[in-house]
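The active site, proton acceptor annotation in TrEMBL covers His135. Here TrEMBL flags Gly68 as substrate binding site. Taken from TrEMBL, the feature acetyl-CoA binding site applies to His144. Summarising the annotation, TrEMBL assigns domain 'PglD N-terminal' to 2-80. For Asp136, the entry in TrEMBL reads site 'Increases basicity of active site His'.
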Amino acid sequence: MKIVIIGQGGHSKVINDIILSFEGKVIAYLDDKYEAFFYQNDQYFGPISSAKYIISKIKNIKFVIGIGDNKVRKSIYERLALPTEFYATLIHKSAIISQSASIESGSVIMARTVVNANTRIGKHSIINTGSIVEHDNRISNFVHISPNATLTGSVTINEGVHIGAGATVIPNVSIGEWSVIGAGAAVITDIPAYRTAVGVPAKLKIKNVTEDVGV
Ligand SMILES: CC(C)(COP(=O)(O)OP(=O)(O)OC[C@H]1O[C@@H](n2cnc3c(N)ncnc32)[C@H](O)[C@@H]1OP(=O)(O)O)[C@@H](O)C(=O)NCCC(=O)NCCS
């Protein structure tokens, strides 16, 4: 599989490792740190705006937005407005995915994760290294489940939510859109939208997450 990674920061390095795990090839990095489009050492580089040019130049390519920040990932997705079929779904070779789970385009599943039965994962979400996503979860678009987090059964994670590293969410809990759960939290009640919750058990922090999620 020939992949173009959009964004060339830390998260893109981990995505590169996913691609290497199944012997795919990164043919280009697009990042706005580049002003011009160029070819070097068997790879293309250029600004994000060169996505359509690369589509016209190279056949059978897929894109992934390799940016860990959920808001930035969504804003680039909206800016590019590429058809869904141009985005890859990337799954590390060491991940364990139930045959009854589904994962939509643009999402990335890192090394040693487990995604169990009847879980649904939306578009452009990140299931990060070593996290456990149990049965019957509903994970929306532009979500980030950080390393070593655990979503137990029938959890609902709405758009743009960030679950911090090592956090645990007990069964049947729902996390509102664009909320943030702190690293190490234990979430035992529903969390409203645009809030941050931290601690064991998780409590809402006073300050809200900004509602400005536009481009
Ligand atoms: C929850 C979080 C987003 C808060 O960030 P923030 O808004 O910048 O908050 P601050 O660092 O200003 O801390 C505010 C308060 O919350 C507390 N707090 C912050 N994170 C906490 C956490 N994970 N658990 C418990 N308390 C936490 C701070 O101690 C501070 O308490 P105080 O008001 O009594 O002094 C952040 O601390 C966090 O946990 N992020 C997860 C990062 C992560 O897992 N990334 C994975 C990338 S792959």
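Each Cβ is built from the backbone N, Cα and C atoms, and glycine gets one as well.
Structure with TrEMBL features highlighted.
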residue : record                       : DSSP (3 states)
Gly68   : substrate binding site       : coil
His135  : active site, proton acceptor : coil
His144  : acetyl-CoA binding site      : strand
Checklist outcome for this item: Excluding its own, the Cβ atoms lying within 10 Å of the Cβ of the residue listed as 'substrate binding site' add up to 18
Item to check | Under 8 Å by Cβ from His144 (acetyl-CoA binding site), same chain, sequence gap 6 or more | outcome: Gly68, Asn70, Ser125, Ile126, Asn128, Val161, His162, Ile163
Next on the checklist: What's the number of neighbouring CB atoms sitting within 10 A of the CB on His135 (active site, proton acceptor)?
Outcome noted: 18
Next on the checklist: Return the count of C-beta atoms lying within 10 angstroms of the C-beta of Asp136 (site 'Increases basicity of active site His'), excluding that atom itself.
Outcome noted: 18
Checklist entry - Under the DSSP assignment, what numbers of helix, strand and coil residues are found in the domain 'PglD N-terminal' (2-80)? => result 33 helix, 23 strand, 23 coil
